[in-house]
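Feature list (source: TrEMBL):
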DOMAIN    26-188  domain 'Nucleotidyl transferase'
REGION    97-130  region 'Disordered'
COMPBIAS  101-111  compositional bias 'Basic and acidic residues'
REGION    315-376  region 'Disordered'
COMPBIAS  315-327  compositional bias 'Low complexity'
COMPBIAS  356-367  compositional bias 'Basic and acidic residues'
REGION    439-466  region 'Disordered'
DOMAIN    467-543  domain 'EIF2B subunit epsilon/gamma LbH'
Amino acid sequence: MSGRLFDPRSGSSKRRAVETQDFTAVVLVGYGENLYPFNEGTNVVSKAMLPVGNTPIINSVLDWVVAAGIMEILIVVPSTFHSQVAEHVAEHYSMSTHPRARIDIRRPTEGEKDEDEEQSESTGRVGAGLGGRDGTARLLKRFRNYIKTDFVLLPCDLAPPTSLPLKSILDRHRSSPDAVLTSVFYEPAESVKDSEEKILVALDKSSDELLLVQPLEAMDEELSLRMSLISSHPTLSLTTRLLDAHIYVFRRTVLDLLSTRRTKDLDSMREQVVPWLIKGGWQKGLGERWAPILNPPRKDPFAEALARSTISIPSSSSHYYASPTSSPMSDHTPLPQTSPGSPASPSSRDGSTSAQDERVTHGDSSSRRNKKDRRSGWKCQVIVTAPVPIEAPVIAKGNKADKYKVVAEPDVLIRANSLAGYWELNRRFMRALASNVSGASKAPAATPPRPLVTSSDEATGTAPAISPAAQISPDSLIGEGSRVGEKASIKKCIIGRHCNIGKGAKLTGCVLWDFVTIEENARIENTIICSNSRIGEKSQVKDCEFGTGFEAKPGANYKGDRLVAGQEA
């Protein structure tokens, strides 16, 4: 009997894992609009599957999430790339390797659609704001029933720094009960900052509140700020040095707010919803309208138990009980249809205030008002991450007194959402290989990396995959199954799997994806070559990016070109 009452083998660990999950990770996979020529042509690879050091970039995101203890993960992938991502995740994040993780991979069409979407599909209409690719806000509304807790919204192309674990971001959100949003902004590396969208960010450093996010291109020549914002935040500061990392920790009630809008009126979380959440945190009218949804009165478990008892409750009770199956205080107060920079304020269609707008319980919200008299009872906070200088070792030159420092790589957040960002991620990987080799310089001898001989080679006794006469620098990576011919030279390169580097070919600073063929005596420098491509013999290639399936004729000369299969320079 006692064994039945308590058995440590009865799955209690699984039950405990479910009960302690207070966050869900939502990873949105985009199309990679800024990654031409990687995003066009045949057999295009999903942005989530872009290889960095021969490993898909989404691995860094999923590993970051799992390391923070989040096991509920929802990945929304375009139908075109669903099978690619699903097969990769099933292979590398299976029950055998990650038994506690519950990863749900969905197509955008698998979410819950409202009447407007269903009517548009039934009539075959493409307009009415529902055509084309779905915005992030629309997707979150569609999948809101898959998300039961507060959630962190992440891009699929993120390489976070080691100095910024996701757990620290979640802990910041946990420790701020009045935060409806916790976002991350970062100072970019010099090599990528010119390729990113420039934004103006206003924040209060004393309270870590995010007060304004505005693209510089959408701004007028003059910047106007409300006096109410300046008076309530006298330590407000403006900067254009920061970029949006697209890392958002949202309160679950944000999905309740999205559910009050028609799907066709929703578009981007970053461009539409986040700016208005920020504005509602300090603007009185907007904050009061949204407070019943975003910041509902807390439930009293004892009062709720009494409400379900057979004893009648006096009608004068001040407690409000939200239905557990519906959005708390859902008054269908709409999000504004205007742009973030518009001075218009949201209101109901007839211009009147709904009855439930007045049903704001001030008992709980007043206790959370700070000294600045925040009327909405909630705020948007920000975490700023900057490149962290790594302490470099000091090495003495023999017995001399003078010393020099080894150049160390700064710890910085990078996204592969542009060619510059993707280049930087791979170059950082190669520099890491070089630093590992220099750190082991005291070893008797540093040998260049060599891939393992395949089982077929061992069985047939054929020559090794890399010719002994080939030269490969220690800061290069050679993928499994690849072959390098004699007298070939590879320096500071990442070579994918099952590539073939011909005799006498010279590669410097290149990134080759899987199944790439470089024919004899080709010269390639600072170039990315996607999968299933071929570079003809004696070709000269410098500072280029080639899409999947690209073929360069023998003796071709390319410089500074971005081409897909079938294109000529």
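The backbone N, Cα and C atoms fix where each Cβ goes, glycine too.
In TrEMBL, annotation is done automatically, which means it is predicted and not curated.
Under DSSP, the residues of the compositional bias 'Basic and acidic residues' (101-111) split into helix, strand and coil as follows: 3 helix, 5 strand, 3 coil.
Same-chain residues lying 6+ beyond the ends of the compositional bias 'Basic and acidic residues' (101-111) with a Cβ under 8 Å from its Cβ atoms: 62, 66, 71-79, 82, 85-86, 89, 93, 134, 139, 142-143, 146. Using DSSP to sort the residues of the domain 'EIF2B subunit epsilon/gamma LbH' (467-543) gives these counts of helix, strand and coil: 0 helix, 30 strand, 47 coil.
In this model, the domain 'Nucleotidyl transferase' (26-188) carries an average pLDDT of 90.
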